[in-house]
Amino acid sequence: MGAPKKPLLLILLIFSDFFVREILAEGVTKEGAKQLRDEVREMFYHAFDGYMKHAFPRDELKPLSCGGEDTLGGYALTLIDSLDTLALLGDRERFATSVEWIGKNLRFDINKTVSVFETTIRVLGGLLSAHLIASDYNTGMRIPSYDDELLHLAEDLARRMLPAFDTPTGIPFGSVNLMHGVDENESKITSTAGGGTLTLEFGVLSRLTNDPIFEQVTKNAVRGLWARRSRINLVGAHIDVFTGEWTQKDAGIGTSIDSFYEYLLKAYLLFGDEEYLFIFQEAYRAAMLYLYNDPWYVEVNMNSAALVWPLFNSLQAFWPGLQVLAGDIEPAIRTHAAFFSVWKRYGFTPEGFNLATFNVQQGQKSYPLRPELIESTYWLYKATRNPRFLDAGRDMLASLQYGARCTCGYCHITDVEFHQQEDHMESFFLAETVKYLWLLFDLAAGPDNLVENGPYKSSNLRQETYSSDSGFCPGLSHGQRYGISYVASEGSLEDESSSTTQVAVVQDSPALVISNYSSDSPPSDVDEDPDHHKEPKEDQGVPLLEIEAPRIVNGTHGDVIEG
């Protein structure tokens, strides 16, 4: 009688495991999502009220000491950056009061040298989005007394940044003085993200003011960067805006490059400009061929594709969300699972995680409340409705509540291994991190959610898909289509023909077009570049970190099963 006990026990364990998986798979219920959404709302007001009470009108809150600091220009940065989140939460009174204060008190004729990139995405973007909300009846947040004050401020600010674009390449300086223009001793070196992440805000401003100059200069900057790509369609991290020479030739999807890719796709979605789409197709295909080491992404030499940096850095975490917008769901799910495994290991994502040593990268142990992984979680839940992404959101919310919450707001984490807090709170915490958490749980709370049924319906986005028989020719390279060729270092390029890529169109993608790539394809048409022989930043002999990736059952809208 004793013999059958082991098989019976095994059967019980198997079925108990099945039922546990079923319970976990159900994830967050609609009622639970509403409670989590309310918790995120409370999180926002804990930090926003702390800022308004202890830091306003300085740029950012010091959440441990309950003070303020000027980090960008000294013009109430956190308030400007938070305006659309106030509107999203339906706080008409605070939104209207904030818009009125900014319209009456904010001025940019100040002797301050500011980052063109940060000022554009945080201040210019904040002013423009709030203007659109405050001036439109359909948003439910229109302010009757509003008279385009924020639009006038945005135009004034953008004109003060225009001198930064006066370079031989069209790629802007990294910084500009708001009163005097570019400083005499300003560095001529800028990042690819810094030069290529301006098109959305400047493009919207051109349309609102009917002045094409803003869109023209930012589009020229993108063209200037892309014209200097390598033969294998990769871009480096830093470039000289006068000579067009790459000063750092490491290509990746993270630090210094990340939002270059993001704004290419989003500029097409927002403006319908096929040139942005075409550049994105070529750039995305190259990234998936040379940077993708399923499910991770590495940094390689932009010319030779030789590995130089086996590192996950936290800014890469936007990529799965971008892939959702592009319709490439399956690799997005696998990469998100890998990135989230790092969060689960430490409670946060460090700025750098070494894929060779499986440890936090030395000197990159902090988590400055970044939103990228949460943003990707939101987009993946929106695309798949898989509850695992709600579970991930709940875990990330819990980490922030228990590890980052402090006296007057939420603190930077200086060391993810020991959860040490630092007395600083970036404006993007309220503008992005909290916003995407709220959107995630709002989406799961029921059919009356704001995203699908509010004033900002997803159907407002352009959803066209181009095919080769509809006037879009996938066989042409960007240079052939738009007359932009390589601007190469002397003697470094012999023939541009190798840059031509065949681009296939995915007709059934939820948004766009995906290049026909294969991560198994070996690098081809690569240049031998002397820089790729330099000593690597870390050991490269250890295999990349392997984390079990999910198996896809139904790539676009189906369930994900642990494999």
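In case you wondered, yes, glycine gets a Cβ from its N, Cα and C as well.
Computed from a predicted structure; not experimentally measured.
The signal peptide feature in TrEMBL is assigned to 1-25.
Within 10 Å of the C-beta of Glu118 (active site, proton donor) there are 19 other C-beta atoms, taking all protein chains into account. TrEMBL lists Glu118 (among others) with the feature active site, proton donor.
The number of other CB atoms found within 10 A of the CB of Asp258 (active site), across every protein chain shown, is 24. As annotated by TrEMBL, active site applies to Asp258 (among others).
For Glu351 (active site, proton donor), the same-chain residues that are 6 or more apart in sequence and have a Cβ closer than 8 Å to its Cβ are Asn313, Ser314, Gln361, Gln364, Lys365, Ser366, Tyr367, Pro368. For Glu351 (among others), the entry in TrEMBL reads active site, proton donor.
According to TrEMBL, the active site annotation covers Glu372 (among others). Here the Cβ of Glu372 (active site) has 24 other Cβ atoms within 10 Å, regardless of which shown protein chain they belong to.
Among the features that TrEMBL reports, region 'Disordered' is placed at 514-563.
Here TrEMBL flags 515-524 as compositional bias 'Low complexity'.
Among the features that TrEMBL reports, compositional bias 'Basic and acidic residues' is placed at 530-540.
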